[in-house]
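Asks: The annotation transmembrane segment is assigned in TrEMBL to A:12-33, A:53-72, A:79-101, A:113-131, A:143-164, A:184-205, A:217-242, A:248-272, A:304-324, A:330-350, A:357-380. Per TrEMBL, the feature domain 'ABC transmembrane type-1' maps to A:181-376.
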């Protein structure tokens, strides 16, 4: 199909991205080289960070993407360009680490520098904008997420990043990394499940008994307001008392400091979204639907299980999405009170001023909550669709 | 608000003020929590000074993020900035999946320890709720209202200042409140990177295994957050009432 277009349309967002790319390529260091893990490093521009042919190739590809960002209008073309750029620079930074490190030197560390991160940001912005404009359905978004996760797994498993400082930190701690990962997931998902078990009935009761509604919501709202580390602190005193005076509590592994106060705090934070959304979901079930169900002779319990809860489900899921993203982030703070999780590396890294150790804790957390948000959003869309089909 | 709720809040505020100015008065309550003659009340600095510097950094960061977020929110809803609207919406969604502590930790290597990384984390993370609510508030203004304003001969600037912003104000204030509450928590964690704030009390307690410190730090931060949340919630309701539409929120 032929359409008439103005000869030259300069995309505003694309122009911003192109400027970012220009600054990243020619005015900022691509990687940082450090003689050992802790000393401050020196930046290397892209042209000095790769063999000449490689540097030229990367610059050519990325400039091509910048041109595309400015001139191309179709989201699909822009997305393809952004992806091409990303699959060029990610292996390139790993390759650059091997190139910059002197042969046989095991102390030297190479990390991605501001130039790399700017490039990644610019390309990710381009991809995000294109994806937003494509308006992918839930399955499309899940597919895009799986592709991205697959590419990331390939990058990490292939060893292309093996020479980067981040992966060296990981290699030194592979065992504790996965232990903390399990702990992090247990804290985030376990407290969410507990909150669902307690919050769903609480939400249903408050739906039935209007008198309870505002006091429950207000109480949970106050809990939600308390900053995480303060709530951890407030819980440490009574739990420590329990552990010291109730042998059963101590035998269950409850101590003042550690995972118990973190788990309970995350559970308490999770209650408000679950309860509030259960109530909101049940409240939006149309009165004539419940009327009809009653007319069909369904008991109160059958109405709740077969009609009201399924119709309220998308809204309840939206509450669970809030909880999950919130918990994955907050579980990072648990490490401060000895609760473990990815925060362990973040706080260790802060203590040792080792950026790559901080990233080793922070990046998986960000990736996890990002993936959780996309997956749950897609599921919510799918259940909404299902609920509409039933109407 | 019922009279009982008002009395409760005033009492909580008084308690907080007395505690941070003269914490020794409460030593008897915290003494049972200590062991080996450890001090019952935080003794490595004045609680009042810590509270004030905690509030100062939150206030400065919120002011900075409010200015930028509102300006950005206005920009992407004007014709000149429309091309950025879809992206900025998804950026807000993506940005909120970043845990504040990650922002804080990543800022340290860039600017060093102290108040600076905390300020940066508070500023960046504070942008999101304010920007999101500015967008929501501005796009909720009905096109008919804008048409009417145009019909009255208002130009674009007058419509923005006299119609759109006042109508969006309650929603924007809700975003600022959310941002302040998140910032109060992040500033507490900021003490791990040597920012002056109330987190110091909790962290000193964790390091010396002194539950009394942990508890009093936790209580002061919690009370502060609850009272500030209430105060800002009140401001929202006042702003909403001025527009003549009562707002039922979760305040």
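Every residue, even glycine, has its Cβ placed from backbone N, Cα and C.
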Asks: For the transmembrane segment (A:357-380) and the transmembrane segment (A:143-164), check the count of CB pairs under 8 Å (sequence separation 6 or more) and say whether it reaches 3 or more.
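Replies: Per Cβ check, the transmembrane segment (A:357-380) touches the transmembrane segment (A:143-164).
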Asks: What stretch of A:79-101, A:113-131, A:248-272, A:304-324 shows the most Cβ pairs under 8 Å to the transmembrane segment (A:217-242)?
Replies: A:248-272
Asks: Near the transmembrane segment (A:330-350), which residues from the same chain, at least 6 beyond its ends, have a CB less than 8 A from one of its CBs?
Replies: 169, 173, 176-177, 179-181, 183-184, 187-188, 228-229, 232-233, 236, 257-259, 261-263, 265-266, 269, 356-362, 364-365
Asks: Select the range from A:12-33, A:184-205, A:304-324 that forms the most Cβ-Cβ pairs under 8 Å with the transmembrane segment (A:248-272).
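Replies: By Cβ pairs under 8 Å, A:184-205 leads among A:12-33, A:184-205, A:304-324.
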Asks: Give me the stretch from A:12-33, A:79-101, A:143-164, A:304-324 with the greatest number of Cβ pairs under 8 Å to the transmembrane segment (A:184-205).
Replies: A:304-324
